[in-house]
Amino acid sequence: MFGKERQRQILAYLNKHERATVNQLAILFSVSKETIRNDLNLLAEQGVVERCHGGAIILRRIFHSQPVNNVGISIEKFLNQVNRRKHSMINKKGKLMISKICILGSFNVDIIAKVDRFPKSGESILASNTIIGPGGKGANQAMAASKCPVQVHFVGKVGNDHFGQMAHDHLSSSDIRSFTLYQDEEHKTGSAIIYVSEPAGENKIAIYSGANQYITEAEVASIAGELADAKIFLTQLENNFEATALALNMAHRSGVKTILNPAPYSDRAKECLQYVDYLTPNETEASLMSGVEINDIESAKEAAQIIKSLGAKNIIITMGSQGALIYDGEQFIHIPALKAVSIDTTGAGDAFNGAFAAAIAQGQPLLSAAKFASAFASLAVEREGASNMPEYEAVLSRLAQYERK
Ligand code: RIB
């Protein structure tokens, strides 16, 4: 077997088993340990594996440039796999040992224009700056969660183009522990044109979804292992709805708690609310879903009750400067927003969702998780760029503001 083919097979093996020793691989491929060490060093240089002490290695980065074969989906088969994996991760007290989050979502390249005010129809205005950077609600949420003490696995799809390479570089250089990035040969990587108005950091966004909309059922099925290992599954609505709904269904049926951030809003979200443990709309999305125009806490409560009746277990409506409203079916809790010097609100919802998922994965109760997420988001709006997330320690200091309230 040629070196390249062996290295491809080593990656496939690691994709399935997460780690292996040099010895195991040498036996598996009938080559010397020295040959395997050379292969691993090469793969490590490419940033797709991480060497660790004792010759064992951990797979960190997965880049699927080949389409996944259409293997067909058997939910029963998936559940069997889940139960086997869960069993091996449970300690003597019956508790899951690792807080791991799996996020299925979008990657976009954001093209941002900083303006004094938004242009009127037909008007040309000058921007004070333009910035091109990584974005996409899914990838931003993964960035946020990765700042917290949890392991994050991100799953997304990009095109075979320069922006797709940007996605790979961005994820590789982040704290996201591992990712599965599918590559579409026909469709371009998603992109978003964003105006950010400088006085208040408000934004207007137009998204071209591109490859994000072409995740296949087979590709969702092939992340079964990552889903099975996770405590929390988080997703949004920037991918094709079928893939999102299938992943939510798989997570729900395997006992993984699910979070759906219904953004950008689609009425189809209602079709999968029975699989959702935590629904996190902003006030606009909650208004669209419930038919109640939200303009204060009372109308938000009314909307939350209607959404609850549609099937979601817990509803957390984020309301910008009005804070957030939590409804678990029994009681409403309103948490006020923390003071922030807003520079760029793009990605504030993503910051909230990623941080919320991390806190829930760590076992925090709903109220503390929402407070942590609010503190996280309040720091995120003080930074430029949708994927530019604050450090965990800074969030803990900001969180102390709640104690003083
Ligand atoms: O939530 C902000 C994100 O929405 C941006 O990064 C943009 O890419 C769009 O997906």
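Yeah, the Cβs are placed from backbone N, Cα and C, and that goes for glycine too.
Small disclaimer: the values here were computed from a predicted structure and weren't measured.
What TrEMBL says about this protein:
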type	residues	note
ACT_SITE	Asp350	active site, proton acceptor
BINDING	Asn108, Val109, Asp110, Gly136, Lys137, Gly138, Ala139, Asn140, Glu238, Asp350	substrate binding site
BINDING	Asn282, Thr318, Met319, Gly320, Ser321, Gln322, Gly323, Gly349, Asp350	ATP binding site
BINDING	Asp344, Thr346, Ala380, Arg383, Gly385	K(+) binding site
DOMAIN	3-58	domain 'HTH deoR-type'
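The predicted model assigns the domain 'HTH deoR-type' (3-58) a mean pLDDT of 78. Listed in sequence order, Asp110, Ile112, Gly135, Ile194, Val196, Asn203, Ile205, Gly385, Ala386 are the same-chain residues six or more apart from Thr346 (K(+) binding site) with CB atoms under 8 A from its CB. The Cβ of Asn108 (substrate binding site) lies under 8 Å from the Cβ of Pro134, Gly135, Gly136, Ala139, Thr189, Gly190, Ser191, Ala192, Ile207, Tyr208, Asn212, Glu238, each on the same chain and at least six residues away in sequence. Secondary structure of the domain 'HTH deoR-type' (3-58) per DSSP (helix as H, G, I; strand as E, B; remaining residues coil): 39 helix, 7 strand, 10 coil. Here the Cβ of Asp110 (substrate binding site) has 24 other Cβ atoms within 10 Å, regardless of which shown protein chain they belong to. Filtering Asn282, Met319, Ser321, Gly323, Asp344, Gly385 by Cβ distance to ligand 1 (under 6 A) retains none of these binding-site residues. Neighbouring residues of the recorded substrate site, listed in sequence order and excluding Asn108, Val109, Asp110, Gly136, Lys137, Gly138, Ala139, Asn140, Glu238, Asp350, comprise Gly105, Ser106, Phe107, Pro134, Gly135, Gly190, Ala192, Gly347, Ala386, Ser387 (Cβ within 8 Å of the Cβ centroid).
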